[in-house]
Ligand SMILES: NC(=O)C1=CN([C@@H]2O[C@H](COP(=O)(O)OP(=O)(O)OC[C@H]3O[C@@H](n4cnc5c(N)ncnc54)[C@H](O)[C@@H]3O)[C@@H](O)[C@H]2O)[C@H](O)CC1
Ligand SMILES: [K+]
């Protein structure tokens, strides 16, 4: 599938499994270095190159790439952090193939360079850059030199994309066999630039044996289960979403309801305060709008099992009334989405939710709402979303430029297609609507959250700068046409 994301430890297992399967380490390194050289040849015209090698196998890749570029007539200078004699294993083997001078790692090696190849640290980074490594990274930035990073930009932590101390901004990063979280989570993703994934001959069966639990979000993950309308279908077979409408912030539920319809829900009902029924009805002819003056009226709407998916939160106003409606929805066998004001209504009191939630429910907090409900959990966004999903029993979609979807069973997907234009009022309401619309059609919680997040990103890219939330549902038909064409 190649959308799996391997942790640094899993990548090490893959390397070892490949060697156990008869692919020697030097062959892996030779192929890695060749992929680096090929990427440089493809992207840049011949120019003086400064190859910066670290003391481990990342440096080994650099030695191989330097040798291959020099063979193609590129002027190459190579600088090493540490001594050649200190190199071990595959890196020592790679260095033996470099017969030109090995310079000390100092900023002077950058003089006249048109390209820098950063082979200082990769999977073995274990602490913030310091000393000569930090100095030369700073100088590369000051000189704004084009940079090709080997595996990851040095200083970026493979498992979460965090920057330890400092790290250069790469134009291109060549990584091997499978991408790591650092290539999709921020800030790592931004520092990597374009990521080239190179096959270094690790047998595919190796990944199956590792059975990774993290993917980059995309149609290959859930497309086979996308609920396309069937010829024999009708609106009642495409589910019925119930959206709780607010009395004041009516736009949120209207955006969500429209998005749910665009996502393909057969019917959408907005449960509205009586005084707002006309407003909702006028703005959404295809939605059913029913008055729900109190909790009992809302529960009466919930009691109809055809209303199989429920969205609560957007524009509902935090407090006891919303909490009561949420618990009423959870008391019935429904799927649904909890968003926005729900997290304030249950701030610090996850227990009542966790007792009733299951994995056909999706929570869609942004960072602030996440902390309000789950507290300041440690670790990366992947770690935190996973911990929250495990704690509450529902799928947790932690919104951001690198939205993470996590299932209570440990699966997680990172979404990388969201443009910054999506950071606008109402965008989250549309996302919640997309997800409840997909749930209504029978997608499971993890698939619906992943597909919703991806469609949301694609709609955002389709509209682009100047985007307002109202544009997003309208952009969906074109996105779905492309999704269907590519299926
Ligand atoms: N067969 C394989 O495993 C392949 C690996 N590939 C490349 O190898 C690197 C991983 O190499 P490794 O030796 O494990 O670590 P690094 O080269 O990333 O780090 C070297 C070494 O540096 C020390 N160190 C860590 N952090 C710092 C720091 N901040 N300052 C100074 N020194 C530091 C630590 O001791 C590390 O061990 C992987 O990224 C690939 O590029 C091949 O490409 C494929 C086969
Ligand atoms: K590197």
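Quick reminder: no glycine exception, Cβ is built from N, Cα and C everywhere.
Curation plays no part in TrEMBL annotations; they are all automatic predictions.
Annotated K(+)-binding residues in TrEMBL are 58, 118, and among 45, 96, 154 the one listed with them is 154.
Annotated AMP binding in TrEMBL involves 399, 400, 401, 402, 403 plus, out of the candidates 368, 375, 428, 433, the residue 428. Excluding 399, 400, 401, 402, 403, 428 themselves, the residues of that chain whose CB lies within 8 A of the CB mean position for the AMP site are, in sequence, 366, 398, 404, 415, 418.
Taken over all pairs of the listed AMP-binding residues (399, 400, 401, 402, 403, 428), the Cα spread reaches a maximum of 14 Å, rounded to the nearest whole number. If you check the binding-site residues 60, 154, 366 against residue 399 (AMP binding site), the ones with a Cα inside 10 Å of its Cα are 366. Inclusion criterion for the binding-site residues 57, 118, 151, 366: a C-alpha placed within 10 angstroms of the C-alpha of residue 428 (AMP binding site); this criterion is met by 366. Summarised as a single figure, the pLDDT of the domain 'YjeF N-terminal' (11-208) averages 97.
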